[in-house]
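Copied from TrEMBL, the annotated features are:
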type     : residues : note
TRANSMEM : 49-67    : transmembrane segment
TRANSMEM : 79-99    : transmembrane segment
TRANSMEM : 106-130  : transmembrane segment
TRANSMEM : 142-159  : transmembrane segment
TRANSMEM : 190-211  : transmembrane segment
TRANSMEM : 217-237  : transmembrane segment
TRANSMEM : 327-348  : transmembrane segment
TRANSMEM : 368-388  : transmembrane segment
TRANSMEM : 409-429  : transmembrane segment
TRANSMEM : 454-473  : transmembrane segment
TRANSMEM : 494-514  : transmembrane segment
TRANSMEM : 534-553  : transmembrane segment
């Protein structure tokens with residue numbers, strides 16, 4: 001017997017804070033979950049394929065077809081990548097305050113496709129002969145070709161800035177935060193998300209770079225453009241099964257969130273001299289144990305003064321104060337995470353430079369580039385994620401009796417510990433390399449291969465993949481989950497910005513140490529006379545200090561929901 005539609009509607013289980021594409025409450029049986037998450041994961045894989053298809057070989061294009069010097073090309077690459085790292089914060093603000101995540105992804109994808117299309121056009125112009133570079137080695141592309149190229153390149157950066165922080169947040173939005181089963185599935189989403197995009201990056205580095213250098217650059221830029229067009233089409237096909245955060249279809253958007261949270265700090269400052277007699281904060285007390293509630297009352301009480309009523313000033317609500325406190329509590333976690341990720345910046349610099357000096361033969365007559373060791377990071381991720389999901393988490397759940405196995409902060413802390421061990425391992429391997437160089441009289445012969453196998457460096461790269469799985473993925477999930485619902489794109493952009501800031505800090509430390517130790521110091525151009533191992537030990541110490549600070553902070557941290565403790 002067919003059940004009437006009215007009865008089906010009554011039997012349907014809805015998600016409390018989400019709507020469907022028509023603006024009606026989102027039904028669990030018809031929207032969200034893995035069915036929609038895989039559409040969104042596919043979009044991210046294509047975006048990472050496109051981005052790294054340009055980034056991994058950009059300096060070759062600048063010094064080749066565009067005829068720039070190595071120094072100028074390096075400056076242009078750093079400027080572009082730095083801009084691309086900063087723009088996600090702006091993109092997240094636009095998404096959370098105005099457009100919503102779905103619309104921002106669509107707009108950003110269109111900008112992305114436009115940029116990639118114009119890059120393909122600029123490369124085609126050179127191939128077609130509008131530049132005389134092939135006929136005259138001293139000739140360079142016209143100013144119009146250069147202008148077209150750089151406008152296209154920064155359009156890609158703008159597209160990436162809107163795309164990157166929103167797609168992952170929108171994918172996580174497909175799981176109901178109030179459903180225990182879907183919350184666990186959301187944790188798995190972050191893991192499989194990371195595995196999928198790592199696969200996309202690895203394929204891009206292998207395939208696109210080969211096409212660019214061995215076929216032509218127009219095809220090399222055109223392939224990522226085609227992938228982004230296909231990804232946008234697939235993303236739009238899933239529109240009817242997505243879950244959208246409430247407010248997506250409403251005129252009032254989450255720009256009010258920034259205003260109401262900012263107002264908490266302003267009013268609390270104005271009321272700073274007033275006495276807080278008691279706290280009446282509505283801090284989700286029903287979801288907290290008594291001990292947790294007390295811990296909340298003991299901290300950040302100065303913000304509770306925003307709830308004090310004064311003549312002519314409307315007090316803030318308990319929810320506003322709670323959201324403001326949630327953001328303040330994230331700052332110490334973010335700072336310690338930034339410091340702990342400084343070692344990560346070394347894998348594309350010193351790790352690669354060390355690899356150049358040793359024996360890189362993997363088979364008789366087969367020598368690999370030192371940079372190709374980066375592929376072991378992807379291999380580690382591809383192996384680690386299934387083991388983490390299918391082996392580690394079930395064991396952890398049995399031990400801790402918790403549905404998540406370990407908390408998000410414990411996961412981040414585990415990544416920090418692995419980072420310390422990785423720097424210690426890197427220091428020991430470099431010490432061995434220096435010892436072998438001394439034993440064979442190669443200290444002043446930097447161009448002679450040190451008789452040490454490249455395989456000694458593989459464990460460092462494998463550990464990097466594991467560090468990503470624990471620390472990076474854990475941080476993304478943590479910042480997504482712990483910020484107010486309307487600001488989840490901002491939360492993810494903060495976690496992404498930590499990696500960029502750590503790279504700047506790494507460069508600062510290297511410059512400072514190079515100045516302090518001189519030309520014959522730790523970073524001598526002759527790596528056999530340098531002491532990069534000392535730098536690794538220093539980074540291990542910094543990361544250890546950051547971990548202990550993180551441990552102290554995390555013990556006091558109060559999750560927004562009790563089931564995460």
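Note that Cβ sites are derived from N, Cα and C of the backbone, with glycine treated the same way.
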Region pair the transmembrane segment (49-67) / the transmembrane segment (368-388), three or more CB pairs under 8 Å:
no
Long-range Cβ neighbours of the transmembrane segment (190-211) (under 8 Å; 6 or more residues past either end):
41, 44-46, 48-50, 52-53, 56-57, 168, 171-172, 219-220, 223-224, 374-375, 377-378, 381-382, 385-386, 388-389, 465, 468-469, 472-473, 476-477
Sequence-remote partners of the transmembrane segment (368-388) [C-beta within less than 8 Å, at least six residues beyond its ends]:
191-192, 194-195, 198-199, 201-202, 205, 347-348, 351-356, 360, 362, 454, 457-458, 461-466, 468-469
Of the stretches 79-99, 217-237, 327-348, 454-473, which racks up the most C-beta pairs under 8 Å with the transmembrane segment (534-553)?
327-348
Considering only the recorded stretches 106-130, 142-159, 217-237, 409-429, state which has the highest number of Cβ pairs under 8 Å to the transmembrane segment (79-99).
142-159
Can you name the far-off residues of the same chain, 6+ from the ends of the transmembrane segment (494-514), with a Cβ under 8 Å from a Cβ of it?
82, 85-86, 88-89, 164-165, 330, 334, 337-339, 341-342, 344-346, 472, 475-476, 478-480, 521-523, 535, 538
